[in-house]
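What Swiss-Prot lists as signal peptide is 1-23. The disulfide bond feature in Swiss-Prot is assigned to 39-73, 43-66, 52-71, 56-72.
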């Protein structure tokens, strides 16, 4: 019984540590994309800044580009 409790506690500690270690990455992504109105399609080698910009203009946005691997449009 004690071994099971220890494994459960260790498991939760690992999960907590793992979730906290990614928080800096997530925050920087949110801060960077908060300057944009909408972000959607993932950017790739074939779908880059120019394609993203063109799609944003087609959706009546004034500007657009790849931000953190996603196409983001600005009004």
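Cβ atoms here come from the backbone N, Cα and C positions, even for glycine.
Since we're looking at a predicted model, the values are computed, not measured.
On a Cα basis, residue 73 (disulfide bond) lies 13 Å away from residue 43 (disulfide bond).
Using a 10 Å Cβ-Cβ cutoff, residue 43 (disulfide bond) registers 19 neighbours.
If you take the Cα of residue 73 (disulfide bond) and the Cα of residue 56 (disulfide bond), they are about 6 angstrom apart, rounded to a whole number. Sequence-distant contacts of residue 56 (disulfide bond), defined by Cβ-Cβ distance under 8 angstroms and a gap of at least six in the same chain, are 62, 63, 64, 71, 73, 74.
Comparing residue 39 (disulfide bond) with residue 66 (disulfide bond), their Cα atoms are 9 Å apart once rounded. Neighbour counts were taken at the CB atom with a 10 A radius for the disulfide-bonded residues 66, 73; the maximum falls on 73.
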